[in-house]
Amino acid sequence: MNRRRLLLLLPLGFLLVALFFYQRLQHDPSARDSALMAREFPVFEATTLRDANRHVDQTLLQDDVTLVNVWGEWCPACKQEMPQLLELAEHGIRMVGVNYRDTREKGMSFLNEYGDPFTVNIFDPEGSLGFDLGVYGAPETFLVDADGIIRYHHKGYISPEDVTERILPEVAKWR
Amino acid sequence: MALIRTLTVAILFTLTLSAVAGGIEIREFDNPVLAQRYDDLTASMRCPLCENQAIGDSDSPISADMRERVYQLLQEGRADSEIVDHMVARFGDYILYNPRLERRTYLLWGLPIGLGVIGCLIVMLIVRARRNASAKALSADERARLNALLERQRSS
Amino acid sequence: MLIKMIPELGHFALIIALLMAVVQTIMPLAGATTRRPLWMAYGHPMAVGQFLFIALAYLCLTTSYAVDDFSVANVANNSNSLLPWYYKLSAVWGNHEGSVLLWSLMLAGWGYAASRFSAGLPRDMIARVQGIMGFISVGFLLFILLTSNPFARLLPNVPHDGADLNPLLQDVGLIVHPPMLYMGYVGFSVVFAFAIAALLGGRLDAAWTRWARPWTNIAWAFLTVGIALGSWWAYYELGWGGWWFWDPVENASLLPWLTGTALIHSLAVTEKRGSFKSWTVLLAIFTFSLSLMGTFLVRSGVLTSVHAFANDPSRGLFILVLLAITVTLSLGIFALRAPRVSHHVSFSWLSRDALLLVNNILLVIMTVTILLGTLYPLILDSLGLGKISVGPPYFNALFVPLTVIMCIFMGLGPVARWKRMAPREVIGKLWLAGGAALTLGVVLPLIYRGEWNLWASLGIVAALWIVLPMMRDLVDKTRHGTTRLAGLRKLSLAYWGMVLGHLGIAVTIVGVAVVSNYASERTVRMAPGTTVEIAGYRFTMNELVSRRGANFIADTAVLDVHNIDSGRHFQMRPEKRFYLATGMPMTQVALRPGLLRDLYVAMGEDLKDGSWAMRIQYKPFVRWLWLGGLLMALGGVLAIIDKRYRRTQAAGHAQPASRQHIEAQEVTP
């Protein structure tokens, strides 16, 4: 009888596997956290999008909680999320843009057309800051706390729900 | 294996394949060892954007950037482990096709070895049991029946 | 008018097929349990009817493709009026819905065949097999009708033209690869049905293994060809020259192949010696379960290999439920009905029995390893331990040594006797072959290339170690005939099947070892007039031309290739294509295949100064990979032509006489 009971573990074991698969069905396999989570914002040196003579570096991101949004004129989702970014700026959150793999003219015309929620835009035509941030597509948004530590990462389009359900609570948490 | 590459082939079912052979680009190295290291490194890192392709095979922009960075770091004379760390710091462990041996991967590397040991044990146990099986194969009851059969045959 | 209703006709045919499958499940199973011949008699006509109606549905979908009926969503999404007619026909299975329909058609076809060719079996056994085949069919037909209807219409807004078939799939590889693979996957359902029927009927004797063996062999042969074709397709179509990527999709096909291989061997032990009975049944269940699980993994979107269905979780859920019911039920039946007392058949360390046991254990370890590597990232993620990837380096690191160990035992297996063998006899049979394998394995790579490579040598030693003892055995066996030829004729086809199967593995191993260690490649800048030399071949770009195909435009490089040793000349024409309907670029490689080497040229980027980046590869022995696969499949087919299966099919129960006959044949003189 002992052997029977042992054999009955087989179907039970498989049911566990099936449950595991069921749980996996709810997951998006491509969802991943940034490798920079809880680490310092990368060291960089760049000029700003508006002013080729103004130099900025990572100290830009200290003293206040900042949302860093990586965008480009070539990226359709960036256009779609602009109203949400403007709304976030209205909440008094400091917004910094990273103009990623773009030209100055195209970046400026984008801001003129869709609005400019950013206090400053870091000009990153070669994508080197983007690379150090582990960005592999735009838009991506990072929440950096007052000490310059990355606390939250949002990959892709920010929907109006994301603003109220994710981003605003995260900002409140790290302020 | 020089040409082990990975790809996203949903061999049949997806319409989102874009397996254009990427990474066919001109790289100049001073020596063949460096070229080989470049090939090995770009074959062992996974494109973070594509579904399942090595950066050496992918034509996505991020893979091109990563290949360029690997090339630069090699030219600067960095070691393979430094280059790998450099990439992992930015894109995470996800990009390593060869998972590191650490606490969470002990089972991954250990289980096959454990299975090998268990397999040896099973073979030993079964064969030892079976070597002596013939003696026990017939129970007393069966032996009696066999004798009866033989008896009948003899008499007929 | 009628032609406009073809999709509805197909849909309707599927519904009728489903109803027939339901009857086929209930009546024969109930009849077998209650011993009512009339109920059991429902099985065969339902199997025939189901097959005919699914075939009708399949024909309807094919017709919609052939006549460009873009009001059918499936056609509109996967075809185009410019597509050549043969791709229109193969596009039917180049997508999810159509491929599930093909799968169901094959399932019904196998069900019909199992029903048709089992006339000599006990009534209740046939009835149970039919019922189980019907049960699986019900699952897949419901899957099609509820979640993946290929006949769904796009009304009233019918598109003017279709979105086109993915260019990667516009290829002869796509025409032949999936049907072969599915025939293998689905074929194991027959073996599964026999196993469950044997469990249910309490007929777990040598007879069921004899009935199951031919079906196992043929399904395995199909799967082998399917996997080989898939590898060949990836090799020439994807443009990297790789032939195995350890992608989850590939792993999903390798898993049932490994357990199927184990099953073939364990069936032999169970049939000939009566041991390992429960284990053989369990392997039959595992093999089909892994086919189903592969389908789930590939089509549900849980793995990062495929994401086409991530947007429709109902499909993944449906297959999961189907998988859970089938596997849990069958394992439950196994747990309750597996034979309690095993016959203690004796064998010693050195015996074919023990070697086949080792074979099975090694194959199971390989299976678990691949399954583990494929699922491990998902497990870690579910436990919140982060995202990792498990790729080729992991699989190679474990699979290669396991294969080498397997080869060691494969050399012994075919020459060993059942039950026991004196060590002296084994050594006597093997020392020459072993010595020759070692010597040749070390020397051949040196002669071939002048540079020695440990891994290549190891591969060749392993391959020779498999082949040479078998040859020696053949020589020994023929010694007893009046002439050598008569001796050869006396050997059974089943024996030749085994020889071919093992030879196939050896050929594949040689291919893997040589191409992995002696391949060379160069990526170069080429413009008209540029000359490049690689592995004894001189490539000169003659000209660059533009051409227009049926549904694409292309830049073609015309290369003159000169073999420096033989002085032979030929041309190669790699292309960069741009498909008009999808807007997709494609690399069309130029291949010069050969038994001893392939030349492989892929066009890269346009460097904008009149030159192009080109990757030129020299791939020695790469054909041996697939040649080996074909030999293995041929071996599997040869073994079932053996008349003893056909006779026992007709005779039904295992007869002691035929049993003795087999033993007499197998024991080495």
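Every residue, even glycine, has its Cβ placed from backbone N, Cα and C.
Record features, source TrEMBL:
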DOMAIN    C:93-300  domain 'Cytochrome c assembly protein'
DOMAIN    C:320-643  domain 'Cytochrome c-type biogenesis protein CcmF C-terminal'
TRANSMEM  C:12-34  transmembrane segment
TRANSMEM  C:46-67  transmembrane segment
TRANSMEM  C:131-152  transmembrane segment
TRANSMEM  C:182-202  transmembrane segment
TRANSMEM  C:214-234  transmembrane segment
TRANSMEM  C:279-297  transmembrane segment
TRANSMEM  C:317-336  transmembrane segment
TRANSMEM  C:357-379  transmembrane segment
TRANSMEM  C:399-418  transmembrane segment
TRANSMEM  C:430-448  transmembrane segment
TRANSMEM  C:493-516  transmembrane segment
TRANSMEM  C:621-641  transmembrane segment
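The recorded stretches the transmembrane segment (C:182-202) and the transmembrane segment (C:46-67) do not share 3+ CB pairs below 8 A when only pairs 6 or more apart in sequence are counted, and are therefore not in contact. Tertiary neighbourhood of the transmembrane segment (C:12-34): same-chain residues 40-43, 46-47, 49-50, 53-54, 56-57, 60, 104, 108, 111, 123-124, 126-128, 130-135, 137-138, 141-142, 144-145, 151, 200-201, selected by CB-CB distance under 8 Å and a gap of 6+ residues from either end. Counting same-chain residues at least six beyond the ends of the transmembrane segment (C:317-336), those with a Cβ under 8 angstroms from any Cβ of the stretch are 136, 139-140, 142-143, 146-147, 192, 195-196, 199-200, 278, 281-282, 285, 288-289, 292-293, 295-296, 299-300. Away from its own ends, the transmembrane segment (C:279-297) comes close to residues 184-186, 188-189, 191-192, 194-196, 198-199, 204, 209, 212, 216, 248, 252-253, 255-256, 259-260, 262-263, 266-267, 269-270, 303, 316, 319-320, 322-323, 326-327, 330-331, 334, 338, 360, 367, 374 of its chain (Cβ-Cβ under 8 Å, at least six residues beyond either end). With respect to Cβ pairs under 8 Å, the transmembrane segment (C:46-67) is most closely packed against C:131-152, considering the stretches C:131-152, C:357-379, C:399-418, C:430-448. Counted over residue pairs separated by six or more positions, the transmembrane segment (C:214-234) shares fewer than 3 Cβ pairs under 8 angstroms with the transmembrane segment (C:399-418), which leaves the two as not touching. Cβ atoms under 8 Å from those of the transmembrane segment (C:430-448) belong to residues 411-412, 415, 456-458, 460-462, 464-465, 468-469, 471-472, 514, 518 of the same chain, restricted to positions at least 6 beyond its ends. Tertiary proximity for the transmembrane segment (C:131-152) is limited to same-chain residues at least six positions away from its ends with a CB under 8 Å from its CB atoms, namely 7-8, 10-11, 14-15, 17-18, 21-29, 32, 43, 46-47, 50, 54, 60-61, 64, 72-74, 96-98, 100-101, 103-104, 107-108, 110-111, 114-115, 189-190, 192-193, 196-197, 312, 314-315, 318-319, 322, 325-326. Sequence-distant contacts of the transmembrane segment (C:621-641) (same chain, at least 6 residues past either end, Cβ-Cβ under 8 Å): 213-214, 217-218, 220-222, 224-225, 227-229, 231-232, 235, 243, 264, 493-494, 496-512, 514-515, 518-519, 593-598. As a whole-number mean, the pLDDT of the domain 'Cytochrome c-type biogenesis protein CcmF C-terminal' (C:320-643) in this prediction is 90.
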